[in-house]
Amino acid sequence: MEKLLIEGGHRLNGTIQVSGAKNSAVALIPAAILANSTVTIDQLPDISDVRHLCELLEEIGGKVDFTDNVLTVDPSHMISMPLPNGRVKKLRASYYIMGAMLGRFKKAVVGLPGGCNLGPRPIDQHIKGFEAMGATVTNEQGAIYLRADELRGARIYLDVVSVGATINIMLAAVLAKGQTVIENAAKEPEIIDVATLLSSMGARIKGAGTDVIRIDGVKELHGCRHSIIPDRIEAGTFMVMAAAMGEHVIVDNVIPQHVESLTAKLREMGVVVNVKDEQIEISRGKLPLKKVDVKTLVHPGFPTDLQQPLSVLLTQAKGSSIVTDTIYGARFKHVDELRRMGADIKVESSSAIIDGPTPLQGAKVKASELRAGAALVVAGIIANGVTEITGVEHIYRGYSHLVEKLQGIGVKIWTEDLEVDEEENMSIDQL
Ligand SMILES: CC(=O)N[C@H]1[C@@H](OP(=O)(O)OP(=O)(O)OC[C@H]2O[C@@H](n3ccc(=O)[nH]c3=O)[C@H](O)[C@@H]2O)O[C@H](CO)[C@@H](O)[C@@H]1O
Ligand SMILES: C=C(OP(=O)(O)O)C(=O)O
């Protein structure tokens, strides 16, 4: 196990490359279960969530190769093997194996997923969708058992707008008999990406990216080649770093429309943001940063996954900023660690009140989940002195080659092995 060390306070310059989107990748890979021949996905990020899903597909008999960011999956010999424990708990998106297996085999046993601990993360809307299509779903000792004699299209209104439920229902519906309509569907770009892959496999899907998606079931899906969209959350994290310390940073391989809500907030703060076709250029500017209020919302609103990194930048803005998370009201695990570094932040209900500007000091801190970890990296880049971050396995779930990428724009970042007592602390935390 290793830790990250960052010597902060250095200005950043250069170009940083964005990888393929984690939240697309983790749905595209299970979608391959539905094909009858090889699916190839280009530009997948080299992150632990992707590697765990590849291993899960191998467990059920898939022939999988992941080399140089290209994944090939031959699903022809897969079987509906139960996956009650183990790797399914290492990531959130293992829940997509439920929809894909149910679609192909009409049965599945999959353990309840893991992923970031952001407070309660129910999957009742996924289950409601599967049941509406004729599946029987039971929860037995932490594993979900799904079975259907036949999956039939249904009209499903989501009570909460859910990315996971929208995609999972699409996965189950593409091979179902008849038409499925998902109302109040989520509209995130990753949903369009998954619909694009499924359509290339022969599925009939209309309306992905709007709040009503119509899926006409087909008898069979075939293999195809697909190129994933860039990761808007990774891009946004780099934009925040550049806004904090950038002289002239180019974030490359971005779909600018996907990060519009962040671009708008950075401009409001006084950051210079220049949007090109596939790149975003950022400089900190000479004037002090201005405070802004932020409320996370479903897409195209401000994404919850960027709330924590942006909060760190707000510690450097003049005045009192309020960040409210309407998606995950308890997503503030980064705050205690930021306080150790000198930040002035109070949490009240589902809001963080951030007073600035405050100088940040390097400290020993721990990442408790993925974006809390990303926030600490942003803090380390700003802080005076050296910041040591443990819990890096959370960060590696979503950021590929982070150290090399950040070194490329001038961040003084490196890894060291954990010392024995740090290893012991980490293992106690995992009990
Ligand atoms: C792998 C993946 O893509 N993860 C993303 C996905 O998570 P995930 O798909 O888990 O998040 P959802 O969009 O489903 O959750 C949105 C809200 O709906 C609630 N809810 C969700 C499902 C359900 O059945 N019942 C229910 O009440 C959740 O608790 C949450 O408050 O979208 C989140 C919201 O943009 C992001 O933070 C995650 O990065
Ligand atoms: C919450 C996140 O991931 P997951 O849903 O995979 O836990 C995230 O990507 O910020």
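Cβ coordinates are placed from backbone N, Cα and C, and glycine is handled just like the others.
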TrEMBL UDP-N-acetyl-alpha-D-glucosamine site partner of Arg92, Arg121, Pro122, Ile123, Asp124, Gln125, Asp305, selected from Ile282, Ile322, Ile327: Ile327
Rounded Cα-Cα span from Asp124 (UDP-N-acetyl-alpha-D-glucosamine binding site) to Cys116 (active site, proton donor), Å: 18
Local Cβ density at Lys22 (phosphoenolpyruvate binding site) - other Cβ atoms counted within 10 Å: 26
Distant-in-sequence Cβ neighbours of Arg121 (UDP-N-acetyl-alpha-D-glucosamine binding site), under 8 Å, six or more positions away: Arg92, Gly115, Tyr328
Other C-beta atoms that fall within 10 angstroms of the C-beta of Ile123 (UDP-N-acetyl-alpha-D-glucosamine binding site): 20
Where the C-beta lies under 6 angstroms from ligand 2, the matching recorded positions among Arg92, Cys116, Arg121, Pro122, Asp124, Asp305: Arg92, Cys116, Asp305
